[in-house]
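To keep things clear, I will list the structure first and then write my remarks on it.
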Amino acid sequence: MRKLCGNGSTSMISTDSYKNTTFFVIAFSTFLISCIDYTKLFSSLSTPEAVGRLEDVLIGQCITKGSFAHTLFLIILSAFFIFQVANFAMSVPRLLDMYRFYTHLLGVPDADIQTLPWPEIVRLIGDIRKHNPVTSLSNGQATALADMVGNDAKAPVKKLDAHDIANRILRQENYLIALFNKDLLDLRVRIPVPHIFTAFIPSSMLILSADPPLPSLQSEPERKFLSFGANHLTKALEWNLRFCLLGYLFDRRGQVRKEFVREKRRKDLVQGLRRRFVFMGILNAIFAPFIILYLLIYSFFRYFEEYHKNPSSIGSRQYTPYAQWKFREFNELPHLFERRLDRSYETAKEYVDQFPKERTALVMRFVAFVAGSFAAVLLVASLIDPDLFLHFEITPHRTVLFYLGVFGSVLAISRGMVPQENMVFDPEASLNEVVRWTHYLPVEWRGQLHSQMVHQEFSKLFALKIMIFFSELLSVILTPFILFFSLPPCAAAIIDFFREFTVHVDGVGYVCSFAVFDFARHGNIDSNRPETGVQGATGPDAGDSGGGGGGGGGGFAAGKSGRQTTRRAASASPSRFKQKDWRSNENKMEQSFLHFKATHPDWQPSDPSSSLFLDRLMGAGARNRPAGGISGSIYGGGGGGGGGGGRGLGIDGSVMAEMEEERLRAKSQSYERAWAKSSHLHRPDISNPLRHPHSAASEIIEEEEGGEGDKGDDSIDGWSKRMKTDGESDDEQEEHGRLWKDDGVQIDIKQ
């Protein structure tokens with residue numbers, strides 16, 4: 001649906017058909033490799049009887065005379081092409097259904113789909129379910145609508161909002177975002193090393209196997225692996241991860257398989273996931289030679305024109321696939337994410353180019369001067385005598401035209417590697433501007449934005465395109481090792497993650513709990529509470545077992561959301577996650593929530609803890625801001641110095657102007673009353689670690705007979721102070737004074 005929204009149905013069908021370039025690559029490469037006699041072609045160039053026609057060097061019946069390897073290559077690529085065509089043919093009916101959905105139900109003509117804002121489409125979809133609560137779900141022909149709004153007759157009829165629609169569209173992507181955020185995927189290369197060679201390899205490069213040895217091999221020395229490289233993701237590896245993980249977790253309808261939320265199937269699911277990793281590793285190893293050959297041919301056809309037209313583009317950069325998954329936020333639609341990253345490219349390039357490269361600059365200036373001098377002489381000579389341009393050979397069979405192209409390319413590349421003379425050197429301000437759009441600032445970067453360490457780390461995320469291309473080629477060889485040796489030990493943690501971080505939402509289905517913005521379970525509001533290692537004692541709502549439900553909770557203890565339910569675990573085994581493991585790293589969920597609210601200002605969260613979190617943030621911002629502006633204090637990560645760098649989200653006065661002060665004040669007062677009333681309640685025994693915080697309110701909240709506990713400081717300043725933990729120094733905390741802004745939406749954080 002998101003693709004149709006951005007392109008229109010006709011454009012989408014045309015785009016998908018043009019994506020099937022495999023046939024052209026197969027046909028043209030076969031012609032070049034098998035159908036031309038290159039010995040006759042090149043030998044004839046130096047003889048008086050030079051061949052002047054193509055038919056003189058063609059080989060008759062070239063396809064049938066091909067070698068076995070070439071024939072096998074053609075068969076494999078042809079099978080892949082047929083697979084692509086079949087997928088395209090199967091997608092056409094769905095695109096037509098979506099076209100009818102937009103045209104007849106939403107009333108949006110195909111010509112307007114490309115320009116209609118996404119919030120307007122969300123509003124139209126919500127109105128359909130509001131005005132057609134029965135017919136919209138009972139019409140068997142409206143498959144596109146059923147996929148969008150659901151067909152669960154038992155679910156209460158409720159108008160779909162932007163959050164529900166985003167959870168449906170990004171149901172699978174949200175799990176991948178969470179897996180990368182929690183660093184559950186080991187993407188380092190591991191190569192098994194025979195025991196006799198371990199003495200010749202540095203011990204720092206050797207690691208032990210993460211899998212326990214088989215009973216029959218326990219007497220043998222433990223296997224060691226040669227491990228190198230950091231977590232690195234390529235398109236080939238990403239495709240394999242989607243197949244192994246998402247193809248395993250979801251059924252054909254795109255819904256989470258029920259067995260993944262049950263503890264009793266854990267062992268079978270872990271073994272099944274390991275087998276998928278191993279099987280795909282073997283499959284990738286078998287087809288690796290053919291994939292490399294295809295990528296080389298395809299890349300040559302694709303990039304030659306680009307680099308020929310603009311040779312300096314060989315030094316251009318882009319974000320790596322791994323960086324994109326680290327930057328992306330929960331429930332962030334692709335077109336919004338791409339727009340956010342696109343706005344950071346120029347500043348990111350300026351930041352990378354700012355760091356001193358005196359030696360490189362001196363060498364490139366000299367190379368540019370020499371290449372420019374040769375090119376100038378040849379160009380002037382060609383202007384004086386035009387015949388020299390095509391007929392004068394500087395070296396055998398190499399005319400002035402050839403060397404003008406060579407020197408021009410060298411000149412363009414060398415100039416691209418020389419920084420501009422008028423560039424202002426301020427890497428800290430530049431990186432702050434980049435963070436404003438990427439929303440990524442690890443803890444170890446705080447206070448070090450000017451350092452070479454941060455520059456090197458960022459350069460790995462914002463890499464040269466040519467290096468990304470070579471990484472893609474190399475990954476074809478290394479992906480089998482990652483799938484076969486690195487990922488199988490992660491299977492147990494991945495299955496546990498799928499089970500523990502999957503919740504059921506009425507009318508939406510099973511989704512990743514981070515994407516629900518469940519502050520009661522995952523909110524990083526009370527950071528001062530010691531870790532218990534017990535599931536359920538996480539977040540602000542997991543009250544102390546003694547008394548007083550308000551202690552340390554930051555005022556965010558909430559009952560069951562009106563729409564959300566959760567699965568019951570079949571087993572009462574202890575949780576495998578500690579308290580800190582329930583929270584997203586780098587406060588990804590909190591900043592995703594604020595970013596989603598800023599992107600969809602009309603959306604009102606249905607979960608009380610989320611609403612209270614937002615209202616208290618805005619209330620604190622209103623108290624702290626000067627007249628005419630908004631500033632609040634919500635920070636989950638460190639920021640740099642000036643320039644608005646940091647982690648978090650801001651909402652400026654233009655967005656807040658849409659929220660009437662009276663309505664906001666009344667709403668805040670209602671939450672204050674709800675909080676005052678809920679402070680007399682506490683959760684019962686949390687010894688059952690698998691009880692979800694969002695179970696039915698009658699099952700999880702009881703009246704406390706004792707006195708009322710300390711509510712703690714639940715203001716936004718109190719929340720920010722509690723965030724200042726985990727060894728974070730005062731100097732680092734001072735960097736929290738500013739936040740990034742996104743799409744014209746800004747909060748200025750001040751403590």
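Using N, Cα and C of the backbone, Cβ positions are placed for all residues, glycine too.
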Quiz item: Both Ile59 and Phe392 on the same side of the membrane in Swiss-Prot, yes or no?
Solution: yes
Quiz prompt | Helix, strand and coil totals (DSSP H, G, I; E, B; other) for the topological domain 'Cytoplasmic' (298-365) | solution = 51 helix, 3 strand, 14 coil
Quiz item: Quick one: DSSP breakdown of the topological domain 'Lumenal' (387-398) into helix, strand and coil?
Solution: 5 helix, 4 strand, 3 coil
Quiz item: What same-chain residues lie close to the transmembrane segment (22-42): Cβ under 8 Å, and 6 or more beyond its ends?
Solution: 51, 56-59, 62-63, 65-66, 70, 74, 77-78, 80-81, 84, 294, 297-298, 301
